[in-house]
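Features of the protein shown, as given by Swiss-Prot:
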type     : residues                                       : note
ACT_SITE : D287                                           : active site, proton donor
BINDING  : N172, E238                                     : Mn(2+) binding site
BINDING  : I175, Y176, R177, R189, W190, L191, R194, G195 : prenylated FMN binding site
Amino acid sequence: MKYNDLRDFLTLLEQQGELKRITLPVDPHLEITEIADRTLRAGGPALLFENPKGYSMPVLCNLFGTPKRVAMGMGQEDVSALREVGKLLAFLKEPEPPKGFRDLFDKLPQFKQVLNMPTKRLRGAPCQQKIVSGDDVDLNRIPIMTCWPEDAAPLITWGLTVTRGPHKERQNLGIYRQQLIGKNKLIMRWLSHRGGALDYQEWCAAHPGERFPVSVALGADPATILGAVTPVPDTLSEYAFAGLLRGTKTEVVKCISNDLEVPASAEIVLEGYIEQGETAPEGPYGDHTGYYNEVDSFPVFTVTHITQREDAIYHSTYTGRPPDEPAVLGVALNEVFVPILQKQFPEIVDFYLPPEGCSYRLAVVTIKKQYAGHAKRVMMGVWSFLRQFMYTKFVIVCDDDVNARDWNDVIWAITTRMDPARDTVLVENTPIDYLDFASPVSGLGSKMGLDATNKWPGETQREWGRPIKKDPDVVAHIDAIWDELAIFNNGKSA
């Protein structure tokens, strides 16, 4: 699944019936959200609104609205192939030298992919075909969506924010929502543990009073966007990972007003700075939990330059109660997580983040249990191994005879293999999602682990129940005569 940029990818989608062009005028204020939401819930195509009311720039929505399109964005044909992406990430996270010639031969595809890791810097780029600066900067010319009736203001949702800390060689790419508050002002909502916020904190400590350079790319190629939301090892840049996914080096260009590098093929780039100490109240906004979040203060991003392609496309989305686009992304990226976890915990058979659990707040893990207390070790491992699971409130651990993706199986295991007092683990005062208003303190809450495995000696003193199993000979015999029985046919059985 080869493509060079977002437009290339849209052409591929259109050829496969995965893109619908909407020529009817539609308002970015609430109407696009309503159409995109109905389309996503029906498993429909990506949507390109060619005539948003009041604007000359088209709006792209629902790009990653199905797991298949997420897989395509990662250079794969289908979701099942994303396990291979996870295996590659697991290898890069903890690379092992070849153990011999045969092992070297087996690892050659991985080593070959690594050759696509370095970025390629261009002198000129499509994203700088048109440039406005100073008083000519006007974010109101971009069809920024207002998604829900009580949202505070139009909101940029798919902005790829590029930052660099004062002591770091490589840049950080993150996706943070940005509230429009003026023709050249946005509120940068990044949580304190996120890469961009950490870069900013380090900058303030190293350069008191100096402006912090920031650039935001809109409409980057899908591999680069997905690289920013994937559990990339800390030693690997998101641009490098995008090159691995795409099979070609990521092309970047230096910004006009700062030294940051942005995707050369991005549709729009916002360049500017954060003035230390300048903050503004952000929100409320409807978010992925299905609720409006609290108002809180975040840094203000001042835009000094807007560069863009000719006939630029504005890429956007909405977030709300699942299913939404982030939930679909979570379903697809779930397949990437499994091999990474299995690399650290080989006993893990499957790992599932149900989308109805806001994509990350609840996890179901199945394991090949090997000793008493094993389930609790896995719980602690899930919470601590990848930062993506820092906010996972509930971890349910089951044996490998349970299908982690079937609630009927999981609920059966919980209700038959758990004693609430013995098999529930509660951990207090842990990092929790700022948007989780159920926690007693903003950003700090508790976690619960549920051990729904069969109990081993040492975990119980009682004789453990034996699951009912059918007689295989009887099953085979009934299979052979099933059609003759005609139970579900109108005709009579023989």
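Placement of Cβ uses the backbone N, Cα and C atoms for every residue, glycine included.
Keep in mind the model is a prediction, meaning the values are calculated, not measured.
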Point to revise | Of the recorded positions listed as I175, W190, L191, R194, D287, the one whose CA lies nearest the CA of E238 (Mn(2+) binding site) | key: I175
Check your understanding: So which other residues, same chain and not among I175, Y176, R177, R189, W190, L191, R194, G195, have a Cβ within 8 Å of the centroid of the Cβ atoms at the prenylated FMN site?
Key -> T161, G174, M188, G196, A197
Point to revise | Tertiary neighbours of R189 (prenylated FMN binding site) (same chain, Cβ under 8 Å, six or more apart) | key: Y176, R177, Q178, Q179, E282, G283, F298
Check your understanding: How far is it from L191 (prenylated FMN binding site) to N172 (Mn(2+) binding site), counting Cα to Cα, in Å?
Key -> 14
Check your understanding: For N172 (Mn(2+) binding site), what residues in its own chain, 6 or more apart in sequence, show a Cβ-Cβ distance under 8 Å?
Key -> V162, T163, R164, G165, G195, G196, L198, D199, E238
Check your understanding: Same-chain residues six or more away whose CB lies under 8 A from the CB of I175 (prenylated FMN binding site)?
Key -> W158, G159, L160, T161, I225, A228, V229
Review point. What three-state secondary structure does DSSP assign to R189 (prenylated FMN binding site)?
Key: coil
Review point. Per DSSP, to which secondary structure element type does E238 (Mn(2+) binding site) belong, with helix, strand and coil as the options?
Key: helix
